[in-house]
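Engineer: Have a look at this one before I ask anything.
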């Protein structure tokens with residue numbers, strides 16, 4: 001749980017329906033930090049005031065001479081080896097929770113049994129056929145307010161991966177000026193994670209309650225063992241954060257884009273973790289296309305790009321689409337961080 005530090009007005013982004021949904025073209029306000037009270041008295045109509053010049057609109061563009069990198073499967077950039085190692089420690093402490101979709105199973109089949117236009121891992125002369133059992137799909141993405149360096153938030157992100165849900169994440173890093181106040185306005189207290197289900201109108205605090213709600217509504221009603229051990233679950237979720245030393249917890253000044261970014265990723269991947277930490281630190285809302293092992297969305301991304309690799313970023317504000325976690329993190333800082 002975390003307490004809000006800076007509170008200001010917020011911007012809310014529209015819900016999205018599916019991985020193929022087109023983002024509506026509409027304008028959104030840019031949120032700016034301010035210390036002024038929302039109860040500032042209005043100026044009387046009889047008083048003549050000189051209108052202040054409006055500030056120029058904020059525009060977003062890729063960095064100069066930017067070119068998306070060529071994807072390198074399972075490649076680790078030399079300067080990111082320790083980052084990936086630290087992020088991988090979570091797999092040990094959490095026993096791989098968040099790597100597989102509910103009901104995951106696999107089998108080896110002859111290579112010719114799976115057509116070339118279908119996603120599958122290859123192993124020698126065989127391919128790996130993966131299946132899972134997903135529950136009812138929400139029409140609109142679940143909305144979750146949280147941040148990376150929080151064990152309670154991690155538990156909820158893990159169940160998102162297990163249930164293969166799409167989520168609209170509103171990052172709430174410490175010191176973040178945009179979405180922490182929104183949580184207080186909606187729920188009445190400064191506590192994370194906070195979930196809103198626009199499909200049912202249900203909203204709630206408490207990670208365990210959120211997990212039970214999600215598995216009951218969009219799963220088979222059974223909470224995975226690794227997420228049902230009470231204090232032990234919370235402790236191991238906390239230990240899983242050790243390797244990243246608080247990354248993804250504190251706000252870095254940034255420009256808020258008019259549209260949320262789209263990220264194809266899953267909680268159990270150390271590569272996805274590196275990219276998402278920056279999204280949270282810059283307080284960038286993003287549609288999270290969860291695609292753990294066994295997810296049908298792996299085929300969707302394969303059809304879209306000709307390969308599957310996570311993370312994959314789509315930025316509707318600049319038109320950039322790219323693989324590679326280290327380069328995604330650098331692109332986000334170059335495009336949205338206030339220098």
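Just so it is clear, glycine is given a Cβ too, placed from its N, Cα and C backbone atoms.
In TrEMBL, annotation is done automatically, which means it is predicted and not curated.
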Engineer: Labelled region 'Disordered' by TrEMBL, one stretch among 35-66, 67-98. Can you tell me which?
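Structural biologist: TrEMBL lists region 'Disordered' for residues 35-66.
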Engineer: Roughly where does the domain 'GST N-terminal' (140-222) sit in mean pLDDT, to the nearest integer?
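Structural biologist: A mean pLDDT of 97 is what the model gives the domain 'GST N-terminal' (140-222).
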Engineer: Going by DSSP assignments with H, G and I as helix and E and B as strand, what are the residue counts for the domain 'GST N-terminal' (140-222)?
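Structural biologist: Going through the domain 'GST N-terminal' (140-222) residue by residue, I get 33 helix, 19 strand, 31 coil.
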